[in-house]
Amino acid sequence: FGRMKPVIVVHGGAGRIFKEREEGSRAGVVRAVLRGYGILKQGGSALDAVEEAVQSMEDDPHFNAGCGSVLNEKGEVEMDAIIMDGKNLDSGAVSAVKCIANPIKLARLVMEKTKHMLLTDHGAHLFAQAMGIPETPGEKLITKRSQERWKKNLEPDSNPEEFQKDLGTVGAVAIDSEGNVACATSTGGLSNKLIGRVGDTACIGSGGYADNRSGATSTTGHGESIMKVVLARLVLYHMEQGMTPEMAADSALDYMKTRVGGLGGVIVVNSSGEWAARFSTKQMSWATVKDDQLHYGIYTGERHTKPVVEALTAEGEGF
């Protein structure tokens with residue numbers, strides 16, 4: 001068995017990325033992918049790599065996950081996250097969680113420390129306490145931007161649907177040197193959503209799916225549409241039928257668009273280390289590292305490439 005060359009792909013959400021936020025989104029996905037790749041490079045697991053990458057984006061207020069999450073109708077942050085191990089199809093997820101900085105960490109603990117796959121709201125909160133996860137005051141997760149957006153959406157003539165185009169789930173997929181794949185996805189959900197609304201992110205097969213036999217995928221976009229077509233699993237199904245990651249992603253996104261009018265994006269890595277980052281929205285911030293080359297972009301057809309060494313140097317100066 002030859003050792004696999006590790007590959008990691010991340011996304012910072014599909015939708016509309018406002019001009020003044022482009023740089024921050026690019027920098028954020030690049031930082032996340034480099035952190036995840038650092039783990040893979042040292043022989044670490046795909047699971048650790050995707051968790052690290054997603055945590056990096058949860059901590060970055062540019063993204064709708066962790067700190068910077070959008071607010072529900074009551075002006076609170078409620079977050080969803082999932083992680084999945086392609087080796088044995090183990091998965092852990094949390095939904096509607098409040099007052100923790102990194103839902104992806106909690107999802108990983110659900111996977112490893114319980115017999116369950118999904119904990120929600122109050123139960124997830126009790127579990128976090130039992131696991132010794134420090135509580136973060138809700139207001140610490142709220143950025144000025146989320147607050148302003150929430151207020152704007154409350155105005156009688158506002159159209160929250162218009163704002164939903166600026167989504168921003170974060171996710172990562174990876175294959176490690178052992179050939180194991182994993183996925184992780186985390187989000188603050190929809191702006192001004194009903195209390196207790198859970199979207200695709202926490203749902204296995206919709207927000208993400210990982211299976212060593214085919215690959216791993218993480219999704220972003222309109223949650224309800226993604227759930228209707230079980231998008232993450234659909235992409236892997238297409239790969240099982242022999243499609244390349246790119247074709248599989250495009251076919252699944254196309255089906256979601258024609259069947260239910262939903263837009264979104266997916267990142268994919270297959271069991272032989274081929275990857276794709278595809279989207280039907282105007283934009284999706286994404287980044288990947290393969291063969292020590294970093295690739296990243298936001299617009300359709302945009303792809304910057306530079307050696308990882310160079311990116312790490314720049315990153316070091318940036319911190």
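Just so it is clear, glycine is given a Cβ too, placed from its N, Cα and C backbone atoms.
TrEMBL labels come from automatic prediction, so no person has curated them.
Listed in TrEMBL for this protein:
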type	residues	note
ACT_SITE	THR169	active site, nucleophile
BINDING	ARG197, VAL198, GLY199, ASP200, THR220, GLY221, HIS222, GLY223	substrate binding site
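Structural mapping of features recorded in TrEMBL.
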residue : record                   : Cβ neighbours (10 Å)
THR169  : active site, nucleophile : 33
ARG197  : substrate binding site   : 17
VAL198  : substrate binding site   : 21
GLY199  : substrate binding site   : 24
ASP200  : substrate binding site   : 30
THR220  : substrate binding site   : 33
GLY221  : substrate binding site   : 28
HIS222  : substrate binding site   : 24
GLY223  : substrate binding site   : 29
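Here the Cα atom of GLY223 (substrate binding site) is found 10 Å from that of THR169 (active site, nucleophile). Comparing GLY199 (substrate binding site) with the residue listed as 'active site, nucleophile', their Cα atoms are 11 Å apart once rounded. ASP200 (substrate binding site) sits 10 Å from the residue listed as 'active site, nucleophile', taking the C-alpha atoms as the reference points.
Restricting the binding-site residues ARG197, VAL198, THR220, GLY221 to those with a CA within 10 Å of the CA of the residue listed as 'active site, nucleophile' leaves THR220, GLY221, listed by sequence position.
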